[in-house]
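Asker: Here you go, one structure.
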Amino acid sequence: METYILSLDQGTTSSRAILFNKKGEIVHSAQKEFTQYFPKPGWVEHNAQEIWGSILAVIATCLSEADVKPEQIAGIGITNQRETAVVWEKATGKPVYNAIVWQSRQTAEICEELKEKGYGDMVREKTGLLIDAYFSGTKVKWILDNVEGAREKAERGELLFGTIDTWLVWKLSGGKAHVTDYSNASRTLMFNIHDLKWDDELLEILTVPKSMLPEVRPSSEVYGHTVDYHFFSQNVPIAGVAGDQQAALFGQACFSEGMAKNTYGTGCFMLMNTGETAVNSNHGLLTTIAWGLNGKVNYALEGSIFVAGSAIQWLRDGMRMVNDASESEEYASRVESTDGVYVVPAFVGLGTPYWDSEVRGAVFGVTRGTTKEHFIRATLESLGYQTRDVLCAMEADSGIELKTLRVDGGAVKNNFLMQFQSDMLQVPVERPMISETTALGAAYLAGLAVGYWESQEEIKAQWDMDRSFTPEMEKERSEELYSGWKKAIEATKAFK
């Protein structure tokens, strides 16, 4: 009887179940979207029960459509939208409030207060993160402060907190396992990434009782088993957990120090494996835990670009320049260059290395000769420039020179963008055969824990390249274009 690993990929807009075989190939997948709630401007929430329902639905659909029996599942891996916070009652399993999503800015005031009190350096030192509404800690504080009776219940030990991975493991195990992994814990603002413990000083600042917090475990081990009534009478090991970006790094087999991947989704997330060293950043990067495996912890540097794929959506929906995102490649290729046009897509501010949330988008160098093609090309090129900004920060912080960049996410299908990316970085850009690297990473972590795959060496050998893009542009020309981008950034920041 052939066995499989089931990967549950719980994202920001949808939940997916993907079956992988021993070769790391996708056998079948199912997807279900769920509701986004925007109670006030800048707030984003999800219904945690609806997310749980969507997970049960995609598991059932995936197995039945693939004609795979529950007993053929050797293990379950979970990867998740990071930072999103859920607080629920231990006794009933009912959330006391909606899940507050990573994008939500509703705790911005709490963050400002913490910064004013001078906690920034201490938080940075312990967690590798910035004080920002993006991370989970202030979201938990907000729920305890704003939901009637929540703080009292928490003090009495009646409430539990978890990021989405924790919530799903708790539900799947019938409330037996309240755990998270190192990669997710490192995004909460409450976890000390050096001594690998929840930090009492941080919890005190955020006024979060320790009794609410899950146990932190490696990213690849058996955390518990599914209860039979949630998994068709089977007790399947839940054996791998990692946050989405770290799972993608693992799925791309970036196991050695200095290897990096960039995911081109709504935004871009670039992670570089820094080995067993937590590299502190002086250039606006986050220091984070990549994964815990075989008794060791691997760290990573992370850069966040807020607008990537969403800039192409803007060309389609806002500017009506293309009918489909895929057309952008064809339009961009019709012209030799942008003819001096730069688009800075700072629609929601700028991420790494600038961290400026006040700045807004701008266009430079427009003349009477500027056409739609120039504009589309300049928008695509902005993704390449922003990635170079992040890479420069990574090389400066780590002292590691990037040899190749592995890429994944929706926009990597765009050959023009991938070629420009290689030209801008002056290193090869490698696109894998399997673009579902996030789900694959979670599957690999689970499979290693249950012996489905023997070792990371076996996984590394499975990584298969679709295409490598190598630099075709002269280095001098690349530098010239990039210095124009830096000027455009400075001018954009000056306009407020």
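One-based numbering along the chain as shown.
Glycine residues also receive a Cβ, built from the backbone N, Cα and C atoms like all the rest.
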Asker: In Swiss-Prot, the ADP site includes T12, R16, G309, G410, N414. Which of T266, T352, T367, T370 does it also list there?
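Answerer: Of the residues offered, the record points to T266.
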Asker: Say Swiss-Prot lists R82, E83, D244, Q245 as binding glycerol: which of Y37, Y134, Y299 is in the same site, per that record?
Answerer: Y134
Asker: When DSSP states are folded down to helix, strand and coil, where does G309 (ADP binding site) land?
Answerer: helix
Asker: Taking the Cβ of G309 (ADP binding site) as the centre, how many other Cβ atoms fall within a 10 Å radius?
Answerer: 19
Asker: Looking only at C-alpha atoms, tell me how far G309 (ADP binding site) is from R82 (sn-glycerol 3-phosphate binding site), rounded to the nearest Å.
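Answerer: Given the Cα positions, G309 (ADP binding site) is 19 Å from R82 (sn-glycerol 3-phosphate binding site).
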Asker: Take the C-alpha atoms of N414 (ADP binding site) and R82 (sn-glycerol 3-phosphate binding site) and report the distance between them in angstrom, rounded.
Answerer: 26
Asker: Just checking: which of T12, R16, D244, T266, G410 have a Cα that is within 10 Å of the Cα of Q313 (ATP binding site), counting only these binding-site residues?
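Answerer: If one measures from the Cα of Q313 (ATP binding site), the binding-site residues that come within 10 Å are T266.
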Asker: Which entry in the list of binding-site residues, T12, T13, Q245, T266, has its Cβ near the fewest other Cβ atoms, using 10 Å as the limit?
Answerer: T13
